[in-house]
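> Before I ask anything, here is the structure I am working with.
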Amino acid sequence: MATTTPTAPPVPAARTVPRRRTRKSGWWLPYALLAPAVVLEVFIHLVPMLTGIWMSFTQLTRFFIRDWTSAPFVGLRNYQVALDVDGAVGRALLSSFGITCAYTVLVVGISWSLGMAAAVALQRPFRSRALFRTLFLVPYALPVYAGIVTWNFMLQRDNGVINHLLVEDLGVMQDKPFWLIGGRAFASIVIVAIWRMWPFAFLMLTAGLQSVPDDVYEAAAMDGAHAFRSWWSITLPMLRPVNLVLVLVMFLWVFNDFNTPYVLFGTAQPAAGDLISFHIYNASFLTWNFGAGAAMSVLLLLFLLLVTGTYLIALNRRSRRA
Amino acid sequence: MHDTRAFKTFRAAVIVVLAAVTALPLYIMVTSSLKPLQDVRGAFSWWPSTITFQPFIDMWTTVPLARYFVNSLVVSSAATIASLVIAIFASYAVSRYRFRGRSVFTTTVLSTQMFPGVLFLLPLFIIFVNIEQGTGFQFVGTRIGLVITYLTFSLPFSIWMLSGYLDNIPQELDEAARVDGCSPVGALLRVVLPAARPGVIAVAIYAFMTAWGEVLFASVMTTEANRTLAVGIRQYSTQTNVYWNEIMAASLVVSIPVVIGFLLLQRHFVAGLTAGAVK
(Lines of atoms letter the chains of each structure in order from A and count residues from 1; the text may use other names and numbers.)
(Lines give C-alpha, C1' and ligand atoms only; values in the text may rest on other atoms or scores of the structure.)
Protein backbone atom coordinates (compact mmCIF):
# COMPACT_ATOMS: atom_id res chain seq x y z
CA MET A 1 0.00 0.00 0.00
CA ALA A 2 1.48 3.33 -1.01
CA THR A 3 0.19 5.00 2.10
CA THR A 4 3.36 6.00 3.87
CA THR A 5 4.57 8.60 1.40
CA PRO A 6 1.58 10.77 0.55
CA THR A 7 3.56 12.95 -1.85
CA ALA A 8 5.27 10.12 -3.70
CA PRO A 9 5.02 10.65 -7.43
CA PRO A 10 2.89 8.11 -9.24
CA VAL A 11 4.74 5.70 -11.46
CA PRO A 12 5.08 7.53 -14.77
CA ALA A 13 3.30 5.93 -17.64
CA ALA A 14 5.39 4.41 -20.39
CA ARG A 15 6.99 7.30 -22.20
CA THR A 16 6.18 7.66 -25.81
CA VAL A 17 8.52 9.26 -28.25
CA PRO A 18 6.53 12.44 -29.03
CA ARG A 19 6.19 13.24 -25.32
CA ARG A 20 9.88 13.12 -24.69
CA ARG A 21 10.52 15.45 -27.57
CA THR A 22 8.04 18.08 -26.32
CA ARG A 23 9.48 17.85 -22.84
CA LYS A 24 12.89 18.84 -24.15
CA SER A 25 11.69 21.82 -26.11
CA GLY A 26 9.05 22.87 -23.59
CA TRP A 27 11.06 22.61 -20.37
CA TRP A 28 9.77 26.02 -19.32
CA LEU A 29 6.12 25.02 -19.52
CA PRO A 30 5.67 23.72 -15.96
CA TYR A 31 7.34 26.87 -14.66
CA ALA A 32 5.02 29.04 -16.70
CA LEU A 33 2.04 27.11 -15.36
CA LEU A 34 3.26 27.61 -11.81
CA ALA A 35 4.25 31.25 -12.17
CA PRO A 36 0.96 32.90 -11.14
CA ALA A 37 0.69 30.74 -8.04
CA VAL A 38 4.30 31.38 -7.09
CA VAL A 39 4.09 35.15 -7.60
CA LEU A 40 0.98 35.44 -5.45
CA GLU A 41 2.25 33.18 -2.70
CA VAL A 42 5.49 35.15 -2.58
CA PHE A 43 3.70 38.49 -2.53
CA ILE A 44 1.02 37.63 0.05
CA HIS A 45 2.79 35.05 2.21
CA LEU A 46 6.57 34.99 1.91
CA VAL A 47 7.37 38.69 1.62
CA PRO A 48 5.07 39.65 4.51
CA MET A 49 6.48 36.81 6.58
CA LEU A 50 10.05 37.97 6.04
CA THR A 51 8.95 41.54 6.69
CA GLY A 52 7.32 40.33 9.86
CA ILE A 53 10.51 38.69 11.03
CA TRP A 54 12.39 41.89 10.34
CA MET A 55 9.71 43.93 12.13
CA SER A 56 10.11 41.78 15.20
CA PHE A 57 13.56 43.30 15.72
CA THR A 58 12.26 46.86 15.64
CA GLN A 59 10.21 49.07 17.86
CA LEU A 60 7.45 49.55 15.33
CA THR A 61 4.75 51.63 16.97
CA ARG A 62 1.97 53.56 15.34
CA PHE A 63 4.22 56.57 14.73
CA PHE A 64 6.15 54.58 12.14
CA ILE A 65 3.35 52.85 10.24
CA ARG A 66 3.57 55.12 7.22
CA ASP A 67 7.34 55.10 7.33
CA TRP A 68 8.11 51.71 8.74
CA THR A 69 11.75 51.57 7.65
CA SER A 70 12.64 54.32 10.10
CA ALA A 71 11.42 52.39 13.15
CA PRO A 72 14.31 52.07 15.63
CA PHE A 73 16.14 48.74 15.63
CA VAL A 74 16.05 47.15 19.06
CA GLY A 75 17.64 43.76 18.43
CA LEU A 76 16.19 41.00 20.54
CA ARG A 77 14.41 43.22 23.02
CA ASN A 78 10.91 42.33 21.81
CA TYR A 79 11.76 38.65 22.26
CA GLN A 80 13.20 39.25 25.72
CA VAL A 81 10.01 41.01 26.79
CA ALA A 82 7.80 38.29 25.26
CA LEU A 83 9.73 35.46 26.91
CA ASP A 84 10.30 37.11 30.28
CA VAL A 85 7.79 35.21 32.40
CA ASP A 86 8.37 37.53 35.36
CA GLY A 87 7.15 40.54 33.39
CA ALA A 88 3.49 41.26 32.72
CA VAL A 89 3.73 40.78 28.94
CA GLY A 90 5.60 37.49 29.16
CA ARG A 91 3.33 36.09 31.86
CA ALA A 92 0.22 36.92 29.82
CA LEU A 93 1.75 35.31 26.71
CA LEU A 94 2.68 32.17 28.63
CA SER A 95 -0.80 31.83 30.10
CA SER A 96 -2.33 32.34 26.65
CA PHE A 97 0.02 29.67 25.26
CA GLY A 98 -1.05 27.22 27.97
CA ILE A 99 -4.73 27.88 27.33
CA THR A 100 -4.19 27.38 23.60
CA CYS A 101 -2.42 24.04 24.15
CA ALA A 102 -5.25 22.74 26.35
CA TYR A 103 -7.80 24.07 23.85
CA THR A 104 -6.05 22.40 20.91
CA VAL A 105 -5.73 19.00 22.58
CA LEU A 106 -9.40 19.00 23.63
CA VAL A 107 -10.82 20.30 20.36
CA VAL A 108 -8.72 18.11 18.06
CA GLY A 109 -9.11 14.99 20.22
CA ILE A 110 -12.86 15.24 20.71
CA SER A 111 -13.56 16.40 17.15
CA TRP A 112 -11.62 13.45 15.77
CA SER A 113 -13.46 10.99 18.04
CA LEU A 114 -16.88 12.35 17.16
CA GLY A 115 -16.03 12.47 13.47
CA MET A 116 -14.82 8.88 13.58
CA ALA A 117 -17.88 7.67 15.51
CA ALA A 118 -20.23 9.36 13.05
CA ALA A 119 -18.29 8.20 9.98
CA VAL A 120 -18.40 4.58 11.18
CA ALA A 121 -22.05 4.85 12.21
CA LEU A 122 -22.98 6.12 8.75
CA GLN A 123 -20.61 3.87 6.84
CA ARG A 124 -23.21 1.32 5.77
CA PRO A 125 -26.47 2.35 4.14
CA PHE A 126 -29.68 2.58 6.15
CA ARG A 127 -32.88 4.55 5.86
CA SER A 128 -32.38 8.34 6.34
CA ARG A 129 -28.59 8.03 6.20
CA ALA A 130 -28.36 10.80 3.61
CA LEU A 131 -30.43 13.06 5.86
CA PHE A 132 -28.07 12.71 8.81
CA ARG A 133 -24.97 13.00 6.67
CA THR A 134 -26.32 16.27 5.34
CA LEU A 135 -27.30 17.55 8.78
CA PHE A 136 -23.88 16.74 10.23
CA LEU A 137 -22.14 18.76 7.54
CA VAL A 138 -24.15 21.93 8.12
CA PRO A 139 -21.95 23.38 10.93
CA TYR A 140 -18.94 23.10 8.65
CA ALA A 141 -20.76 24.66 5.72
CA LEU A 142 -22.09 27.62 7.73
CA PRO A 143 -19.94 30.75 7.55
CA VAL A 144 -17.86 30.94 10.73
CA TYR A 145 -19.41 34.15 11.98
CA ALA A 146 -23.01 32.99 11.44
CA GLY A 147 -22.54 29.79 13.42
CA ILE A 148 -20.55 31.34 16.24
CA VAL A 149 -22.74 34.40 16.63
CA THR A 150 -25.64 32.01 17.17
CA TRP A 151 -23.69 30.34 19.97
CA ASN A 152 -22.98 33.77 21.41
CA PHE A 153 -26.74 34.29 21.63
CA MET A 154 -27.32 30.81 23.03
CA LEU A 155 -24.75 31.37 25.77
CA GLN A 156 -26.16 34.71 26.95
CA ARG A 157 -26.82 34.58 30.69
CA ASP A 158 -30.39 35.92 30.81
CA ASN A 159 -31.93 35.25 27.43
CA GLY A 160 -29.90 32.33 26.12
CA VAL A 161 -31.12 28.79 25.54
CA ILE A 162 -28.26 27.05 27.39
CA ASN A 163 -29.09 28.54 30.78
CA HIS A 164 -32.77 28.01 30.12
CA LEU A 165 -32.08 24.37 29.36
CA LEU A 166 -29.83 23.82 32.38
CA VAL A 167 -31.80 25.77 34.98
CA GLU A 168 -35.45 25.68 33.95
CA ASP A 169 -35.84 22.60 31.77
CA LEU A 170 -33.42 20.15 33.35
CA GLY A 171 -32.89 21.74 36.74
CA VAL A 172 -29.25 20.66 36.98
CA MET A 173 -28.19 24.15 38.11
CA GLN A 174 -29.66 26.53 40.65
CA ASP A 175 -28.39 29.89 39.39
CA LYS A 176 -27.79 31.01 35.88
CA PRO A 177 -24.02 31.15 35.34
CA PHE A 178 -22.13 33.45 33.01
CA TRP A 179 -20.76 31.52 30.05
CA LEU A 180 -18.94 34.25 28.15
CA ILE A 181 -17.03 35.87 31.01
CA GLY A 182 -15.01 34.32 33.81
CA GLY A 183 -13.71 30.78 34.05
CA ARG A 184 -16.56 29.08 32.20
CA ALA A 185 -15.57 30.91 29.02
CA PHE A 186 -13.01 28.17 28.38
CA ALA A 187 -15.66 25.44 28.39
CA SER A 188 -17.81 27.58 26.10
CA ILE A 189 -15.12 28.17 23.51
CA VAL A 190 -14.08 24.50 23.49
CA ILE A 191 -17.67 23.36 22.90
CA VAL A 192 -18.27 25.91 20.16
CA ALA A 193 -15.01 25.01 18.41
CA ILE A 194 -15.82 21.29 18.56
CA TRP A 195 -19.27 21.95 17.16
CA ARG A 196 -17.60 23.61 14.16
CA MET A 197 -14.62 21.29 13.76
CA TRP A 198 -15.98 17.76 14.13
CA PRO A 199 -17.94 17.82 10.85
CA PHE A 200 -14.64 18.36 9.03
CA ALA A 201 -13.19 15.23 10.66
CA PHE A 202 -16.43 13.43 9.77
CA LEU A 203 -16.15 14.57 6.15
CA MET A 204 -12.51 13.53 5.75
CA LEU A 205 -13.04 10.18 7.47
CA THR A 206 -16.17 9.47 5.43
CA ALA A 207 -14.15 10.16 2.31
CA GLY A 208 -11.42 7.86 3.59
CA LEU A 209 -13.84 5.05 4.43
CA GLN A 210 -15.12 5.01 0.88
CA SER A 211 -11.77 3.60 -0.20
CA VAL A 212 -12.05 0.64 2.19
CA PRO A 213 -13.51 -2.22 0.14
CA ASP A 214 -16.56 -3.98 1.61
CA ASP A 215 -15.23 -7.49 1.04
CA VAL A 216 -12.49 -6.89 3.62
CA TYR A 217 -15.16 -6.53 6.28
CA GLU A 218 -17.06 -9.50 4.97
CA ALA A 219 -13.96 -11.62 5.22
CA ALA A 220 -13.40 -10.38 8.77
CA ALA A 221 -17.00 -11.07 9.72
CA MET A 222 -16.66 -14.60 8.42
CA ASP A 223 -13.62 -15.00 10.59
CA GLY A 224 -15.83 -14.01 13.51
CA ALA A 225 -14.40 -10.56 14.22
CA HIS A 226 -16.96 -8.40 15.98
CA ALA A 227 -17.55 -4.75 15.18
CA PHE A 228 -14.90 -3.24 17.43
CA ARG A 229 -12.25 -5.75 16.38
CA SER A 230 -12.86 -5.09 12.71
CA TRP A 231 -12.76 -1.33 13.33
CA TRP A 232 -9.49 -1.66 15.23
CA SER A 233 -7.74 -4.03 12.87
CA ILE A 234 -9.19 -3.01 9.50
CA THR A 235 -10.72 0.47 9.51
CA LEU A 236 -8.08 2.23 11.58
CA PRO A 237 -5.05 0.97 9.63
CA MET A 238 -6.78 1.63 6.32
CA LEU A 239 -7.51 5.20 7.41
CA ARG A 240 -3.93 5.87 8.45
CA PRO A 241 -3.04 8.10 5.47
CA VAL A 242 -6.18 10.18 6.01
CA ASN A 243 -5.59 10.40 9.74
CA LEU A 244 -2.01 11.61 9.34
CA VAL A 245 -3.14 14.55 7.23
CA LEU A 246 -6.34 15.16 9.19
CA VAL A 247 -4.70 15.41 12.60
CA LEU A 248 -1.97 17.71 11.34
CA VAL A 249 -4.40 20.00 9.51
CA MET A 250 -6.75 20.17 12.49
CA PHE A 251 -3.86 20.86 14.86
CA LEU A 252 -2.68 23.80 12.74
CA TRP A 253 -6.16 25.23 12.26
CA VAL A 254 -7.17 24.92 15.89
CA PHE A 255 -3.90 26.19 17.31
CA ASN A 256 -4.05 29.26 15.05
CA ASP A 257 -7.77 29.73 15.65
CA PHE A 258 -8.71 33.37 15.70
CA ASN A 259 -12.32 33.34 14.51
CA THR A 260 -13.87 31.47 17.40
CA PRO A 261 -12.70 33.77 20.22
CA TYR A 262 -13.10 36.89 18.07
CA VAL A 263 -16.72 36.24 17.17
CA LEU A 264 -17.70 34.55 20.43
CA PHE A 265 -16.28 37.13 22.83
CA GLY A 266 -15.94 40.31 20.79
CA THR A 267 -13.70 42.84 22.43
CA ALA A 268 -14.57 41.77 25.99
CA GLN A 269 -12.22 38.83 25.92
CA PRO A 270 -12.16 36.74 29.11
CA ALA A 271 -8.75 35.54 30.31
CA ALA A 272 -9.93 31.92 30.15
CA GLY A 273 -10.62 32.19 26.41
CA ASP A 274 -7.49 34.11 25.47
CA LEU A 275 -6.21 32.01 22.56
CA ILE A 276 -2.78 32.85 21.21
CA SER A 277 -3.75 34.31 17.81
CA PHE A 278 -6.35 36.49 19.48
CA HIS A 279 -3.81 37.46 22.15
CA ILE A 280 -1.25 38.56 19.55
CA TYR A 281 -3.90 40.40 17.56
CA ASN A 282 -4.93 42.35 20.63
CA ALA A 283 -1.35 42.95 21.69
CA SER A 284 -0.66 44.44 18.26
CA PHE A 285 -3.79 46.37 17.44
CA LEU A 286 -4.90 47.55 20.87
CA THR A 287 -1.49 48.77 21.96
CA TRP A 288 -0.33 49.52 18.39
CA ASN A 289 3.00 47.91 19.17
CA PHE A 290 3.58 45.94 15.98
CA GLY A 291 7.18 45.05 16.81
CA ALA A 292 6.15 43.17 19.95
CA GLY A 293 3.26 41.52 18.12
CA ALA A 294 5.58 40.43 15.32
CA ALA A 295 8.03 38.91 17.82
CA MET A 296 5.20 36.90 19.40
CA SER A 297 4.04 35.74 15.95
CA VAL A 298 7.55 34.56 15.10
CA LEU A 299 7.71 32.62 18.36
CA LEU A 300 4.35 31.06 17.50
CA LEU A 301 5.61 30.10 14.03
CA LEU A 302 8.77 28.54 15.52
CA PHE A 303 6.64 26.47 17.88
CA LEU A 304 4.40 25.28 15.04
CA LEU A 305 7.44 24.42 12.90
CA LEU A 306 8.92 22.46 15.77
CA VAL A 307 5.74 20.44 16.38
CA THR A 308 5.08 19.82 12.68
CA GLY A 309 8.69 18.90 12.01
CA THR A 310 8.79 16.46 14.92
CA TYR A 311 5.49 14.96 13.81
CA LEU A 312 6.63 14.41 10.23
CA ILE A 313 10.03 13.02 11.25
CA ALA A 314 8.44 10.65 13.76
CA LEU A 315 6.02 9.42 11.09
CA ASN A 316 8.77 8.92 8.54
CA ARG A 317 10.78 6.87 11.01
CA ARG A 318 7.83 4.71 11.94
CA SER A 319 6.80 4.08 8.38
CA ARG A 320 10.37 3.22 7.41
CA ARG A 321 10.55 0.68 10.21
CA ALA A 322 7.19 -0.81 9.27
CA MET B 1 -23.85 -8.95 5.81
CA HIS B 2 -26.13 -8.01 8.67
CA ASP B 3 -25.57 -5.29 11.22
CA THR B 4 -25.33 -6.69 14.70
CA ARG B 5 -27.57 -5.44 17.48
CA ALA B 6 -24.63 -3.90 19.29
CA PHE B 7 -23.72 -1.95 16.17
CA LYS B 8 -27.31 -0.76 15.71
CA THR B 9 -27.40 0.49 19.31
CA PHE B 10 -24.09 2.28 18.84
CA ARG B 11 -25.34 3.81 15.62
CA ALA B 12 -28.59 5.03 17.14
CA ALA B 13 -26.80 6.54 20.15
CA VAL B 14 -24.22 8.37 18.03
CA ILE B 15 -26.84 9.71 15.66
CA VAL B 16 -29.25 10.91 18.34
CA VAL B 17 -26.59 12.74 20.37
CA LEU B 18 -24.82 14.33 17.41
CA ALA B 19 -28.03 15.25 15.64
CA ALA B 20 -29.32 17.01 18.76
CA VAL B 21 -26.10 18.97 19.30
CA THR B 22 -25.84 19.87 15.61
CA ALA B 23 -29.44 20.87 15.23
CA LEU B 24 -29.85 22.96 18.40
CA PRO B 25 -28.07 26.09 17.06
CA LEU B 26 -29.88 25.73 13.73
CA TYR B 27 -33.20 25.52 15.54
CA ILE B 28 -32.32 28.59 17.62
CA MET B 29 -31.24 30.51 14.52
CA VAL B 30 -34.47 29.80 12.66
CA THR B 31 -36.94 30.28 15.51
CA SER B 32 -35.24 33.40 16.89
CA SER B 33 -35.33 35.02 13.47
CA LEU B 34 -39.12 34.72 13.60
CA LYS B 35 -39.47 36.30 17.05
CA PRO B 36 -40.48 39.86 17.90
CA LEU B 37 -37.79 41.87 19.69
CA GLN B 38 -39.24 41.50 23.20
CA ASP B 39 -39.00 37.69 22.89
CA VAL B 40 -35.23 37.70 22.36
CA ARG B 41 -34.65 40.39 24.98
CA GLY B 42 -36.42 38.71 27.86
CA ALA B 43 -36.26 35.16 29.18
CA PHE B 44 -35.76 32.49 26.58
CA SER B 45 -38.75 30.66 25.14
CA TRP B 46 -38.66 27.68 22.82
CA TRP B 47 -41.33 29.09 20.53
CA PRO B 48 -42.06 32.68 19.36
CA SER B 49 -44.95 34.36 21.19
CA THR B 50 -46.07 35.52 17.76
CA ILE B 51 -44.43 34.52 14.52
CA THR B 52 -43.24 37.59 12.64
CA PHE B 53 -41.21 38.12 9.51
CA GLN B 54 -40.39 41.68 10.54
CA PRO B 55 -36.73 40.85 11.44
CA PHE B 56 -36.14 39.82 7.83
CA ILE B 57 -37.36 43.24 6.72
CA ASP B 58 -35.76 45.39 9.43
CA MET B 59 -32.34 43.77 9.16
CA TRP B 60 -31.65 45.55 5.87
CA THR B 61 -32.13 48.99 7.43
CA THR B 62 -30.59 48.51 10.90
CA VAL B 63 -27.25 48.06 9.18
CA PRO B 64 -26.50 48.39 5.44
CA LEU B 65 -26.64 44.63 5.03
CA ALA B 66 -27.28 44.71 1.29
CA ARG B 67 -24.01 46.54 0.70
CA TYR B 68 -22.06 44.05 2.84
CA PHE B 69 -23.78 41.23 0.99
CA VAL B 70 -22.77 42.60 -2.40
CA ASN B 71 -19.21 43.18 -1.19
CA SER B 72 -18.95 39.61 0.08
CA LEU B 73 -20.45 38.25 -3.12
CA VAL B 74 -18.15 40.20 -5.43
CA VAL B 75 -15.02 39.51 -3.37
CA SER B 76 -15.75 35.81 -2.88
CA SER B 77 -16.70 35.18 -6.51
CA ALA B 78 -13.67 36.98 -7.90
CA ALA B 79 -11.33 35.24 -5.44
CA THR B 80 -12.85 31.86 -6.30
CA ILE B 81 -12.53 32.28 -10.05
CA ALA B 82 -8.97 33.61 -9.86
CA SER B 83 -7.92 30.95 -7.38
CA LEU B 84 -9.47 28.23 -9.51
CA VAL B 85 -7.70 29.27 -12.71
CA ILE B 86 -4.34 29.58 -10.98
CA ALA B 87 -4.78 26.29 -9.10
CA ILE B 88 -5.72 24.40 -12.26
CA PHE B 89 -2.54 25.43 -14.08
CA ALA B 90 -0.32 24.89 -11.05
CA SER B 91 -1.73 21.47 -10.20
CA TYR B 92 -1.46 20.36 -13.82
CA ALA B 93 2.23 21.21 -13.70
CA VAL B 94 2.66 19.39 -10.40
CA SER B 95 0.72 16.34 -11.52
CA ARG B 96 2.05 15.89 -15.05
CA TYR B 97 5.62 17.15 -15.07
CA ARG B 98 8.77 16.15 -13.23
CA PHE B 99 10.84 19.31 -13.09
CA ARG B 100 13.54 20.81 -10.96
CA GLY B 101 12.05 22.56 -7.93
CA ARG B 102 8.82 20.57 -7.98
CA SER B 103 9.09 19.25 -4.43
CA VAL B 104 10.35 22.63 -3.17
CA PHE B 105 7.22 24.18 -4.62
CA THR B 106 4.76 21.67 -3.17
CA THR B 107 6.40 21.75 0.27
CA THR B 108 6.61 25.54 0.40
CA VAL B 109 3.06 26.05 -0.77
CA LEU B 110 1.63 23.57 1.69
CA SER B 111 3.69 24.97 4.54
CA THR B 112 2.17 28.41 4.02
CA GLN B 113 -0.95 26.78 5.42
CA MET B 114 0.93 26.55 8.69
CA PHE B 115 1.69 30.25 9.02
CA PRO B 116 -0.34 31.87 11.74
CA GLY B 117 -2.52 34.50 10.07
CA VAL B 118 -1.44 37.16 12.54
CA LEU B 119 2.19 36.74 11.46
CA PHE B 120 1.59 38.11 8.01
CA LEU B 121 -1.50 40.17 8.74
CA LEU B 122 0.45 43.10 10.19
CA PRO B 123 3.27 43.16 7.61
CA LEU B 124 0.79 42.73 4.75
CA PHE B 125 -1.24 45.61 6.11
CA ILE B 126 1.87 47.78 6.30
CA ILE B 127 3.05 46.71 2.84
CA PHE B 128 -0.36 47.57 1.40
CA VAL B 129 -0.30 50.98 3.11
CA ASN B 130 3.17 51.68 1.72
CA ILE B 131 2.32 50.56 -1.81
CA GLU B 132 -0.58 52.95 -1.68
CA GLN B 133 1.74 55.77 -0.65
CA GLY B 134 4.29 54.95 -3.33
CA THR B 135 2.02 54.25 -6.29
CA GLY B 136 -1.38 55.52 -5.27
CA PHE B 137 -2.82 52.05 -5.83
CA GLN B 138 -5.19 51.24 -3.01
CA PHE B 139 -5.31 47.77 -1.42
CA VAL B 140 -6.58 48.53 2.06
CA GLY B 141 -10.26 49.40 2.01
CA THR B 142 -10.81 48.10 -1.52
CA ARG B 143 -12.28 44.90 -2.87
CA ILE B 144 -9.25 44.11 -5.00
CA GLY B 145 -7.03 43.97 -1.92
CA LEU B 146 -9.36 41.43 -0.33
CA VAL B 147 -9.60 39.39 -3.54
CA ILE B 148 -5.83 39.08 -3.87
CA THR B 149 -5.45 38.17 -0.20
CA TYR B 150 -8.28 35.64 -0.09
CA LEU B 151 -7.31 33.81 -3.26
CA THR B 152 -3.92 32.99 -1.76
CA PHE B 153 -5.64 31.50 1.30
CA SER B 154 -7.43 28.83 -0.70
CA LEU B 155 -4.63 28.32 -3.21
CA PRO B 156 -2.36 25.86 -1.30
CA PHE B 157 -5.13 23.46 -0.33
CA SER B 158 -6.70 23.78 -3.79
CA ILE B 159 -3.45 22.90 -5.55
CA TRP B 160 -2.91 19.95 -3.22
CA MET B 161 -6.44 18.63 -3.65
CA LEU B 162 -6.58 19.18 -7.40
CA SER B 163 -3.17 17.69 -8.18
CA GLY B 164 -4.20 14.59 -6.24
CA TYR B 165 -7.30 14.47 -8.36
CA LEU B 166 -5.38 14.90 -11.61
CA ASP B 167 -3.00 12.10 -10.61
CA ASN B 168 -5.97 9.75 -10.77
CA ILE B 169 -6.77 10.71 -14.34
CA PRO B 170 -4.82 8.45 -16.67
CA GLN B 171 -2.02 10.13 -18.60
CA GLU B 172 -3.09 8.20 -21.67
CA LEU B 173 -5.91 10.71 -21.94
CA ASP B 174 -3.52 13.65 -22.39
CA GLU B 175 -1.36 11.62 -24.69
CA ALA B 176 -4.28 10.75 -26.93
CA ALA B 177 -5.17 14.43 -27.14
CA ARG B 178 -1.57 15.32 -27.89
CA VAL B 179 -1.45 12.77 -30.68
CA ASP B 180 -4.55 14.42 -32.09
CA GLY B 181 -2.61 17.67 -32.24
CA CYS B 182 -3.46 19.45 -28.98
CA SER B 183 -0.87 21.59 -27.24
CA PRO B 184 -0.21 20.69 -23.58
CA VAL B 185 -2.47 23.52 -22.41
CA GLY B 186 -5.05 22.52 -25.01
CA ALA B 187 -4.98 18.96 -23.69
CA LEU B 188 -5.48 20.30 -20.16
CA LEU B 189 -8.39 22.51 -21.08
CA ARG B 190 -10.16 20.21 -23.53
CA VAL B 191 -9.59 16.74 -22.16
CA VAL B 192 -8.20 16.67 -18.63
CA LEU B 193 -10.30 19.40 -17.12
CA PRO B 194 -13.67 17.97 -18.16
CA ALA B 195 -12.57 14.62 -16.72
CA ALA B 196 -11.58 16.39 -13.49
CA ARG B 197 -14.88 18.22 -13.07
CA PRO B 198 -15.71 16.87 -9.61
CA GLY B 199 -12.30 17.94 -8.34
CA VAL B 200 -12.66 21.38 -9.88
CA ILE B 201 -16.09 21.79 -8.31
CA ALA B 202 -14.73 20.74 -4.92
CA VAL B 203 -11.95 23.29 -5.14
CA ALA B 204 -14.39 26.00 -6.18
CA ILE B 205 -16.64 25.29 -3.17
CA TYR B 206 -13.67 25.32 -0.86
CA ALA B 207 -12.33 28.61 -2.26
CA PHE B 208 -15.73 30.30 -2.07
CA MET B 209 -16.37 29.16 1.49
CA THR B 210 -12.91 30.31 2.56
CA ALA B 211 -13.47 33.81 1.21
CA TRP B 212 -17.10 34.05 2.34
CA GLY B 213 -16.25 33.15 5.92
CA GLU B 214 -12.93 34.96 6.43
CA VAL B 215 -12.92 37.16 9.52
CA LEU B 216 -9.38 38.05 10.61
CA PHE B 217 -8.17 39.95 7.55
CA ALA B 218 -11.61 41.41 6.95
CA SER B 219 -11.49 42.97 10.41
CA VAL B 220 -8.34 44.90 9.49
CA MET B 221 -8.45 45.33 5.69
CA THR B 222 -11.99 46.62 5.37
CA THR B 223 -13.39 50.07 5.81
CA GLU B 224 -17.03 51.08 5.44
CA ALA B 225 -16.60 51.04 1.63
CA ASN B 226 -15.65 47.37 1.23
CA ARG B 227 -16.93 45.86 4.48
CA THR B 228 -17.90 42.22 4.10
CA LEU B 229 -20.56 40.26 5.94
CA ALA B 230 -18.00 38.74 8.31
CA VAL B 231 -17.44 42.12 9.93
CA GLY B 232 -20.72 43.76 8.98
CA ILE B 233 -22.84 41.32 10.93
CA ARG B 234 -21.17 42.49 14.13
CA GLN B 235 -22.67 45.95 13.65
CA TYR B 236 -26.02 44.76 15.00
CA SER B 237 -24.58 44.41 18.47
CA THR B 238 -22.55 47.62 18.55
CA GLN B 239 -25.75 49.66 18.46
CA THR B 240 -27.37 50.59 21.77
CA ASN B 241 -29.70 47.64 21.37
CA VAL B 242 -28.74 44.09 20.54
CA TYR B 243 -31.23 43.07 17.86
CA TRP B 244 -30.79 39.34 18.33
CA ASN B 245 -33.76 38.47 16.13
CA GLU B 246 -32.30 40.51 13.28
CA ILE B 247 -28.83 39.03 13.84
CA MET B 248 -30.32 35.55 13.58
CA ALA B 249 -32.31 36.51 10.49
CA ALA B 250 -29.22 38.01 8.85
CA SER B 251 -27.09 34.98 9.80
CA LEU B 252 -29.68 32.72 8.26
CA VAL B 253 -29.82 34.72 5.03
CA VAL B 254 -26.04 34.94 4.59
CA SER B 255 -25.67 31.23 5.34
CA ILE B 256 -28.23 29.94 2.89
CA PRO B 257 -26.23 30.43 -0.33
CA VAL B 258 -23.11 28.66 0.95
CA VAL B 259 -24.89 25.94 2.88
CA ILE B 260 -27.15 24.99 -0.02
CA GLY B 261 -24.27 25.15 -2.48
CA PHE B 262 -22.11 23.02 -0.25
CA LEU B 263 -24.77 20.43 0.50
CA LEU B 264 -25.76 20.09 -3.15
CA LEU B 265 -22.19 19.63 -4.24
CA GLN B 266 -20.80 17.80 -1.20
CA ARG B 267 -20.53 14.55 -3.17
CA HIS B 268 -17.91 16.19 -5.38
CA PHE B 269 -16.22 17.65 -2.36
CA VAL B 270 -15.87 14.22 -0.77
CA ALA B 271 -14.59 12.80 -4.06
CA GLY B 272 -12.04 15.60 -4.33
CA LEU B 273 -10.89 15.09 -0.76
CA THR B 274 -10.57 11.36 -1.28
CA ALA B 275 -8.35 11.91 -4.29
CA GLY B 276 -6.21 14.43 -2.46
CA ALA B 277 -5.90 12.65 0.86
CA VAL B 278 -5.82 8.98 -0.05
CA LYS B 279 -3.01 9.26 -2.54
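Cβ from N, Cα, C; glycine included.
Computed from a predicted structure; not experimentally measured.
Sharing the features that TrEMBL gives for it:
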- A:97-311: domain 'ABC transmembrane type-1' (DOMAIN)
- A:28-54: transmembrane segment (TRANSMEM)
- A:97-122: transmembrane segment (TRANSMEM)
- A:134-154: transmembrane segment (TRANSMEM)
- A:178-198: transmembrane segment (TRANSMEM)
- A:238-255: transmembrane segment (TRANSMEM)
- A:290-314: transmembrane segment (TRANSMEM)
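Can you tell me where each of these features sits in the structure?
Using a Cβ-Cβ cut-off under 8 Å and counting only residues 6 or more beyond its ends in the same chain, the transmembrane segment (A:178-198) has close neighbours at 99, 102-103, 106-108, 110-112, 114-115, 118, 139-140, 144, 147-148, 151-152, 155-157, 160, 162-163, 250, 253-254, 257, 260-261, 264-265, 268, 270, 272-273, 275.
Within the same chain, residues 49, 52-53, 55-61, 65, 71, 74, 78-79, 81-83, 89, 93, 248, 251-252, 255-256, 276-277, 279-281, 283-284 sit at least 6 positions outside the transmembrane segment (A:290-314) and bring their C-beta atoms closer than 8 Å to a C-beta of that stretch.
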> Assess whether the transmembrane segment (A:238-255) lies in contact with the transmembrane segment (A:28-54), where contact requires at least three Cβ pairs under 8 Å among residues 6 or more apart in sequence.
no
> What same-chain residues lie close to the transmembrane segment (A:97-122): Cβ under 8 Å, and 6 or more beyond its ends?
129, 132-133, 136, 186, 189-190, 193-194, 197-206, 208-209, 231, 235, 246-247, 250-251, 254-255, 257, 272-276
